[in-house]
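Worksheet for the structure shown next.
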Amino acid sequence: MERLADRVILVWGFKRSLLAIGAGAFAVLALPPFGFFAAMFLSFTLLVWLIDGAAASPESGLIGRLWPAFAVGWLFGFGYFVAGLWWLGHALLVDSEEFAWALPLAILGLPACLAIFYGLAVALARIFWSDGMGRIAALAAGFGLMEWLRSVILTGFPWNAIGYGLMPVPLMMQSAHVIGAMGVTALAVFVFSAPALFGTRQGARTGVALAVLLFAAHLGYGAYALYLAPRPAPLPEDKRPVVRLVQPDIDQAAKMDNDADRNAIFETHLKLSAEAPRNGGRKPNIIVWPETSIPFILTDNQDALTRIADTLDDDQILIAGAVRAEEMGPGTPVRYYNSIYVIDGRGQIIAASDKVHLVPFGEYLPLEELLTELGIQNVVEVPGGFSAAASRHLLALPGGLNLYPLICYEIIFPDEMTGDIKDANALLNLTNDAWFGMTPGPYQHFLQARVRAVETGLPLIRDANSGISALVNAHGEIIAGLDLGETGFIDATVDSLSEGFGSTYPRQTYFWLTEALLILIALISREGFIFGLN
């Protein structure tokens, strides 16, 4: 293995760049729909050796000394994000005449920007680089910090954080309840990088042993949480809500077509909602439709509310995604919100919640005046774009069920599970992944949603237009669901309700403690204070 390490360390020029990009791209096999987490062992082993060879002239300034390492990290990240996010281009092809020109920006431009975070992670690690296991601790700390920054800088976009590669199944998700997805990311990089120590021998015994212990603890805690830890007491049989998830699989082009029969789309949802339970099951208490499932402004269409009332029984509730319009007075443009409505059996809207975290260039246009003059517009055609709600609040349903609402990609942000979530007993995620067709995107989105359930300790009710719709318990296990591309409905019983984790602060604290510990290991190793590390 030392010979292989030497060859990688010494590779130069175009071959070096190609190897870095390839290592990043190969790591994507650890993500859904593949879930081959072992791929990241090879990718990060190669990355460590490439960083070992990222030398600069001693006479160079700080930036000059760190530039080769930054370049390696950027190339690795570029390969990772191109291979992991290429499917974003599918959304632009829904209206190809209008947006096909932006394909290079989505497929290459966004990955190039996101790769900067990985370049900075490697450059930061290079500052603490040593010959022993300290270098993989430094790399883990660098990636943990930069993945966290990626989730908060500008509007944030933490999609496909490295840690998800170490969480393909519920057994391997449970650590996120303690240290969060970003904490798992830091530990994952340490574990995935450990085989690189065999290539240089120094610190191999200590470093690999620690990595094995961390991986064993990761699995051990997962087994404890799934099979040994106490679970919430099940609700009495007659108190268990039955939730119907409606998945109409409406083609996105049809949803955007102004000439489409919107009533037909609406009736498709009503028909699936009205069908009798299968196998003699209980009728649903709660019926859920996906994001923007109501194809018109509901408050302007009393006939639609009447049709909903005709479909529902008096004791049933409909939760549906819709566009909400808010009149702001004479001479002021109408504001539009991506919203969730709760409608009772009489056709009355009894609760609503608006989306807080909007998708840039999809739901609103940054620097709108400038970009509009250049002919650039939102992918979603709403006059003036969507407005963001100032805050998120619970949807309190009759019977004491409090849902924490998250629309579309809001569920990928770990640090946004705040505020009223302490009073929630389930997460609600409405989305429309039909934008991305039969690509890896919806599978990646679903994994991140399941990890949010684990982090918060709350069951997840997720409804998607084209899939994946599912009821997920607080351990990330799928209770019932509909796969990508299926049309129909599924009735699922919520057996128990969780009180959750209270807030994100314990996880954030443990994440920063993990970062501090990794940096301490890197510093100690660099100074040679512990035998066998250098």
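Cβ atoms are placed via backbone N, Cα and C, with glycine included.
On a predicted model such as this, the values are computed, not experimentally measured, just so you know.
Taken from Swiss-Prot as is:
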ACT_SITE  E291  active site, proton acceptor
ACT_SITE  K355  active site
ACT_SITE  C408  active site, nucleophile
DOMAIN    246-496  domain 'CN hydrolase'
TRANSMEM  8-28  transmembrane segment
TRANSMEM  31-51  transmembrane segment
TRANSMEM  69-89  transmembrane segment
TRANSMEM  105-125  transmembrane segment
TRANSMEM  127-147  transmembrane segment
TRANSMEM  178-198  transmembrane segment
TRANSMEM  208-228  transmembrane segment
TRANSMEM  511-531  transmembrane segment
- Task: Quickly jot the same-chain residues contacting the transmembrane segment (31-51) by Cβ under 8 Å, restricted to those at least six beyond its ends, or write none.
- Result: 5, 8-9, 11, 16, 19-20, 23-24, 69, 72-73, 76, 84, 122, 125-126, 129, 135-136, 139, 160, 162, 164-166, 168-169, 172, 188-189, 192-193, 195-196, 199, 440, 443-444, 446-447
- Item | Those residues of the chain, 6+ apart, with a Cβ under 8 Å from that of the residue listed as 'active site' | Y337, N338, S339, E363, F386, A388, A389, I407, C408, E410
- Message: Long-range neighbours only, meaning 6 or more apart in sequence with Cβ under 8 Å: which ones does E291 (active site, proton acceptor) have?
- Response: G321, N338, I407, C408, L430, T431, N432, A464, N465
- Item | Where C408 (active site, nucleophile) falls in three-state DSSP terms | helix
- What stretch, picked from 105-125, 178-198, 208-228, has the most CB pairs under 8 A with the transmembrane segment (69-89)? 105-125
- For C408 (active site, nucleophile), the number of neighbouring Cβ atoms whose distance to its own Cβ is within 10 Å equals 25
- Three-state secondary structure, E291 (active site, proton acceptor) (per DSSP): coil
